[in-house]
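So the structure is just underneath, and the comments pick up after that.
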Amino acid sequence: MASRRVLSSLLRSSSGRSAAKLVNRNPRLPSPSPARHAAPCSYLLGRVAEYATSSPASSAAPSSAPAKDEGKKTYDYGGKGAIGRVCQVIGAIVDVRFEDQEGLPPIMTSLEVQDHPTRLVLEVSHHLGQNVVRTIAMDGTEGLVRGRKVLNTGAPITVPVGRATLGRIMNVLGEPIDERGEIKTEHYLPIHRDAPALVDLATGQEILATGIKVVDLLAPYQRGGKIGLFGGAGVGKTVLIMELINNVAKAHGGFSVFAGVGERTREGNDLYREMIESGVIKLGEKQSESKCALVYGQMNEPPGARARVGLTGLTVAEYFRDAEGQDVLLFIDNIFRFTQANSEVSALLGRIPSAVGYQPTLASDLGALQERITTTKKGSITSVQAIYVPADDLTDPAPATTFAHLDATTVLSRQISELGIYPAVDPLDSTSRMLSPHILGEEHYNTARGVQKVLQNYKNLQDIIAILGMDELSEDDKLTVARARKIQRFLSQPFHVAEIFTGAPGKYVDLKENINSFQGLLDGKYDDLSEQSFYMVGGIDEVVAKAEKIAKESAA
C-alpha cells in the first residue's frame, strides 16, 4: 500500500508537469482534463495514476480464480466483459476478441459459443494481445461466423466423474453419447490437473495380479505402472483387454476406464457391444454393477477433441483412485493417436515443427499425461496403452518418447494366435521392469527365467526339427522340446469374458499356484502327461484331472 502511495504522488506530479507544458505550448488548449482527446502521454499517465490511487482489489477476478476439484459444473460466470466475439476462424482454431482485459480468460479456460446450432466449446491456448485469445475447438467449426458471441465460462473443461459414469460412453466434454440419458452425478472435475505431489506417491513396488498366467509369471504388471500393448488385428487384443477389466474388478474391487483416442467408430461400437455381451457392462437397473466407463474421441472428430479425450478418461480414473481409493485400470487406445492429434493442433497454432514433423512440445505433452498415471497412498492407476509404431520404426520420436514411460510391454503374436493358443502373448518378446529377484523374490524370478530359457532353446531347435526331424535330436533336446510344448500350451487359459463364445468356464489363477505349477513343469514332475491335457486349463490340478479323463476315454 505504501508503494502504491509513492507511485501515486510521482505520477500526479509527472502528469501535472506534462499537462502544464502542453498548455504553455498552445494557449488555445483548455486546462488539462481526462477528456477523450487529451494528449496520449497525458491520458496514459492519467490512467496509471487512476490505478495507483485506487484501492487494491480484495480478491482475484472470478475468471482467474482456481477451479475447485469438485462441484457441479456451472456456466453462470458473470464477470465484467465475459462476452467476447469470434474474430477469426481457421479450421479448428478460433480467435476470440474480448472488450477489455477484465473479461480475458486465462490459458486452458473453456469458452462456449452462443447461439450456435450445437454446443461448441473452445479451449484457450494463446493470448495474442489486443484482448484477443486463440482457442482450440472441441467440435467442428462448420457454420461458425465472425461476430458470433462467445461466453467465458471461467473454468477449464469440466466433466462428470464417479460411479454414475460406469457403463456409460462419454465424449471429451463429458456428454453422454450412448443415447441413454443424462449422467446424473454431483461430482465434477476439470480435465487439466497437476500430477500428484511427490509426498503423496507410494514408494513401494508391488505386482498387480491379473489372474492371467502368462502375464503374471513372465511380464508382471506393476501396481500403478504403465504397460504397452502391441497387437495387430485379430490376435485377441480386445478379449485380453476385457479379461483384464473383469479380473481387476473381481480381485481388487477396482474399476476400469477405456479411453478411445482417435478410435474408429466401428471398433468403439464393437467393443461396447462385446462388453455388454460378456457382462463387463450392464444395462438398465443393473447399470451400477458395471465395471467400466468409456470415453471416446472418434477418428472423425477435430484434433482438439482427440488431443483432450485422453485427459478426460484419465480424470475419470483419477476420481476413482483419489476419492474412492480404488485400483483403477486405464486403457488408452491408441497412445500414438494422442501424440498425432497434438501434432495437428501444434501445426494449426503455428508452432515450428520438430524432428519428423512432430510438435516441439512432444515430450512435455506426453509427460503431462503419463505423470498423472501413478500410485498414490490412496490408490493406483495402472495404464495399458496400445501403441502403434509408424512404419515399424522404433526410433520414430512418437513411440521412442512413449517407451521411456513404460514399465512393461505385452506383445501379442500372430504366430502364437495361429496355433490356437490364447491369450496369444509372446513369452519371449514381452518384458517387464518388475522381473527382478529383488521385487518378485528368488522363486518367482528363477521360475520365470527357467520357463523363458526352455522356450528359447525350443525356438533355436525349430529350424533343425524342420529340416532333419525330431529323430535327429539328442535325448536332452527331445526332453527340452517336450517340456517347451507343454509349457506353451499351459500358457493358454480360458477367459471369463469368452465363455459365451467357447463354452469353457473362465479361470483366474492365483500367483502362488501359478509359480508352483510352472516350477513343477521345469522339474519334470509332469513329463508323463500328454500335451493335450495342458491346453486351455487353469491350475496344474486341472491338468492332472484332464489327463486322467483323457486316459479313461482312450481306455474305454
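From the backbone N, Cα and C atoms, a Cβ is placed for every residue, glycine too.
Copied over from Swiss-Prot, here are the features:
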type	residues	note
BINDING	GLY231, GLY232, ALA233, GLY234, VAL235, GLY236, LYS237, THR238	ATP binding site
COMPBIAS	1-20	compositional bias 'Low complexity'
MOD_RES	SER59	phosphoserine
REGION	1-37	region 'Disordered'
TRANSIT	1-51	transit peptide
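Summary of the ATP site environment: with the site residues GLY231, GLY232, ALA233, GLY234, VAL235, GLY236, LYS237, THR238 set aside, the chain residues having Cβ atoms within 8 Å of the Cβ mean position are LEU412, SER417, ALA424. With a 10 A radius on its CB, LYS237 (ATP binding site) counts 19 other CB atoms from all the protein chains. Ranking the binding-site residues GLY231, GLY232, GLY234, GLY236 by how many Cβ atoms sit within 10 Å of each one's Cβ puts GLY231 at the top. By neighbour count, meaning other C-beta atoms within 10 Å, the densest spot among the binding-site residues ALA233, VAL235 is VAL235. Residue environment of THR238 (ATP binding site) contains 18 other Cβ atoms, counted within 10 Å of its Cβ in all protein chains.
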